[in-house]
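Worksheet for the structure shown next.
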C-alpha cells in the first residue's frame, strides 16, 4: 500500500484515477484543481483518464497543446467586421496603422524622377516606381475595405432597428433610413484618399512633356498632390479620435508622428520641386536659343538620349551648364533659390536622396523656415510660406496638447488624492474590524490607487475586488487560517492543505435578515464568518407524506446556535465528502441559517472542497479507501503497460534503423567489389 501512495494521482468524476505529473497540460474540464503555491497544480489545469476517454469517445485523448485546437480557428471576415463583435476595435487600430503607412509611402513617388547631370536629361527610378505603385495599391485597398465596412455596418444597424421598431422589413422605408444614416462624409474622405492621384500624376503626367500645355498641367498636378494629403491626414485624425482608452504615450507618439510625417512630406516635395525647377530652366533656355537640340518636341528624357550623337549631347550639356549653372550657381543668370542644395547632389542613390531631403525638411520645419533664402519665384515663396505655417501650427498643436495633458493629469491627480483621503478612513475601519496588521494598509492603499488611476471605482465594502491575486491570498490566509484550525477534522491537517483551502475561499456578503440556507436544502458550502452574527435554528417542513417534521411540532423555532466572528458552519459537508470518495450526494441541511446582522464571510463550495479532498486524500483518515485502492492498482497496471509499449516501440524502431544501416553498408560493399 505504501508503494501505491507514492504515485501522484488526479481523480476524475467519471473515469477514475489517472497517473499524471503536476503541471500536466489542460486536456479536460472534468476536474478542476487549484494551485495553492508554486509546488501545486493550477486550478485551470485538469486531467482525464485516457482509457475511459477512448471507451466513451472511440478516440484518443488530445495530446499536449491539442486540447483547444478545434476551438482556435481563424476568425472569418464576417466575424471581424461584425459591428457588435470583439474584432471591431482591433480593425479600427489596424486601419489607423494602415493610414499611417499609406501617408508615409506617398512621398516615395517624389523620388522617382531624377536628373542625370552627365547628359542633362530627366530619368526615372524604375525599381522605386514599381515598389511605390505596389505598396500604394495595397494601402488603397484598406480605404476601399473601410468604405465597404462602413456601408455594411450602417445597413445592418438600420435593418435591425427597422425590424425591431416595425416588426417587418419594408425595403423602401429602410432604404430612406439607410440614406439618412449613411456616414457620407467619412465615405467621401475614404474615396478621396483612395484616388490614384500620385500614380497618375508622377507616373504618367510628369513624363509627358510633348504637350504645349505641359507646364500648366504640371502646376495642376502639383496642386492635386498637395490636396490629396488633406483627406489622408484627416482620415488618420478621425479614426484616431474614434479610438477610446488610448494610452498617454500613444497620444504623445501621435503628436510626434505628425511632426515626423510633415518633415518627410516637405522633404519629398522639396526634392520634387527642385527637379521641376531645373527642367523649367532648361525649357526657358531653349526658348531663347536656336540650338538644334532645342526643338519644340524635345522633352529631355534620358530614354531619348540614343536619338542624338555624342557631339550634340556634349554641346547640349555645355549650353545648359552655361544658362542653368549649378556649380557654382549664378543667380544673375537663373536663381534656383532654396533648391540649389538638392540639385547639387545630382543623381545619387535613393537612400542618400531620401535622408538628405528628410533632414532638410526636419531642419527647416523646426526653425519655421526662417533660414530659407528664396528667389523671386512665386511658387517657391509659397512653398517657403507653407513650411513656416505648418511648422508654427504643429508647434501650437503640440504645446496645446501638452498643456491639456498637464491640466488633465493635474486634475486627475487631485481627484485621486481626494478619493484616497476619503477611502483612507474606510480602509482603516475595515482593517480594524478584521484585525489586520498596520503594514497591510500600504499594500491595500497601493491597490486602491492603481484602480483609481485606471478610472475604476474602488469599492471598499468589496475589498477583494480591489486587491491583486497575491494580496487576496495573503489576507484570506490571515483571516481564515485560525478559523480553519478550529474545525475538528482539520486540526491535525498539514498547513499546506489549509493554505490550499484558503485559496479556494470566496468572499461573500449577506444582508441583514437574509437566509444563507434553509432547512431541507442541500448543504453545498462551508461558511467561515469574519463579521456579523448568524443564527441557526431548527425549522419545520413537510415531508413527502404530508406530515409536519422537524425538531418541534409547533410553528415556532428556537435558536440553537449563535455564530459570530471566528466561527464556522457546515462541518457536515466536510465529514460527508471525506467519507465517500464517490461524491454521489450532499448532506441535507437540518437547520435554518439566517443572518441577524450584515454578515461578511468566506464560503468554501462543495465542488472546491471535493477538489481539495481528492488532491490530498491521504490527509483524511476517515476516507473509505476500498474503491480507491482498486482504482490505484488499475491505474498502476495501465501505467506499466503504457511504459512497456513505449519501450517496445522504441526498441523496434532502433532495431529497424540498425537493420537498414547494415543493409546499406552491404550494398555499398557489394557495389565497390
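Cβ coordinates are placed from backbone N, Cα and C, and glycine is handled just like the others.
Within the set 3-26, 27-50, 51-74, the record from TrEMBL flags 51-74 under the feature region 'Disordered'. As stated in TrEMBL, the feature transmembrane segment covers range 133-151 out of the listed 114-132, 133-151. Annotated by TrEMBL as transmembrane segment, the relevant range among 184-207, 280-303 is 184-207. Between the stretches 162-180, 219-237, TrEMBL puts its transmembrane segment entry on 219-237. The highest tally of CB pairs under 8 A with the transmembrane segment (133-151), across 94-112, 219-237, 249-273, 382-400, is held by 94-112. With pairs at least 6 apart in sequence, the transmembrane segment (249-273) and the transmembrane segment (94-112) have 3 or more Cβ pairs within the 8 Å limit; the two touch. When Cβ-Cβ distances below 8 Å are used as the criterion, the transmembrane segment (249-273) is approached by residues 100, 103-104, 106-111, 113, 222, 225-226, 229, 233, 240, 338-339, 342, 353-354, 357-362, 364-365, 379-380, 383, 386-387, 390-391, 394, 397-398, 401, 405 of the same chain, each at least six residues removed from its ends.
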